[in-house]
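As annotated by TrEMBL, transmembrane segment applies to A:12-38, A:58-82, A:94-116, A:136-157, A:222-245, A:251-275.
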């Protein structure tokens, strides 16, 4: 019984951390149709910014916000210089954002070096609940993810900017005829996606040791979260996809090692794609 | 069939076959002369880059002609390499290297055929295909790491240089670098000619049709997913072949050969060399990988950075890469002269 409970807690925490990592990707892919292969590099950048700011003595909460803003600025610059000319060509944006990954990774290596870095956890240790040891920081991040997704749901479904964005997804031409500034909205969406990626990177930083390639681990997983959940299903899709990817990884890791578990998860994700190419929750 | 071709059609076909193939022959002739000028490290390392070029050509076939981009081409290369390594360890009554090459081609092509059939018949979108092939290369790398009792794990697998046996006629050792060089080069010429012929054949035309307008090709009654599976299998088999020879040349295979970073390096080679022609991809692989080796010794970070910037510029401005730019330059000069 206790084992089942602890597996459930583990799976929930992994699901929510993964949902946090995938959210920025889901926003950019779901709303403006760009497969952002630079997502992993944005996460890494967020983690390094968090390392730099906390090392400079800035308190953790503010450091996270600054890191996210920093990645947002980088993302906006990239969008303005390159991506905005290619919105209607998904294949090109895929390659261009991959080039962003290559360049960002090298810049990170030049600026920060290749040694492992650590961000000290603001909430070290674990607390006990119903006889279970629950890692404090991880659960705080999980709670924050829920809050964030809830807030996004509110913005998306209850505010005028949310209505505009949804109108844009449904019909670009009509939305532009109604006086919506398409170019600006796309830019805002891309910037917000980058912000979320930076936020996720900074929040994940205390959970692992940082190297220039940490984002890679999350890149493919995040993609599978998005396409397994269903593209354009920002909230429920991201959560459900994360549950499938993160949960099954927890489950497999019980019976075999981490490496085989990850391969198995990818394999399952490919199967789901094969038989439900639209994702579990059908998109537009 | 050939009786129905008009004279004009025949000459068009001949000139299409001629143009690039002629350039390719000059390139191959120059490569054949290199060992008379250089020796030592250059002749040791060049066959490796030519095999990288072959890997790039396998992607060029898939991407340039079928319009299918794979981020997992290195997975098939690594499968070929490991197949060769594992076969060479066996005590076989026949030349283990021959069997290794055959197994490598069949394994690379077979895996690609299975994955391709599975995905293309489901109509998986091109962009998703990229992601799935990326995952394939991660899976391949992880399997290579985790099954260490077979693959040697992170330490990799030592592979002997192969030798050529001709039954009772005797044996030629490829232990020397010049010998290996002259073993690899003709094979690459043959692969190039074979695949060049394929791209000019009916299959190649259907592939280009799929690249340009898939729906129309479906409407014309072609089994598009079968053609896509075929080209993916061929490209996987070619990558496996290159991997097998690479393993024997480098004496070594390791999990990073299957990895994401190496996989995407192949994409960069092909983009820069030019996906529109097999020769462009082949030369892109040879040139960019040799330049990478040379410059990453001098300035590793800045070279990778530069490569990333070149990649962006090529994707944004020169869709057909360097080879396309050269062709355009020639056409421009011809127009000015004519």
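Note that Cβ sites are derived from N, Cα and C of the backbone, with glycine treated the same way.
Unlike curated records, TrEMBL annotations are generated automatically.
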Requested in this report: Could you tell me whether the transmembrane segment (A:251-275) and the transmembrane segment (A:136-157) are in contact, taking contact to mean 3+ Cβ pairs under 8 Å with a sequence separation of 6 or more?
Outcome: no
Report summary line: Under 8 Å Cβ-Cβ from the transmembrane segment (A:94-116), and at least six residues away from its ends along the same chain, one finds 34-42, 44-45, 48, 51-52, 74, 78, 82-83, 86, 209-213, 215
Query raised in the report: Given the transmembrane segment (A:12-38), which of the listed stretches A:58-82, A:222-245, A:251-275 has the most Cβ pairs that are under 8 Å apart from it?
Result: A:222-245
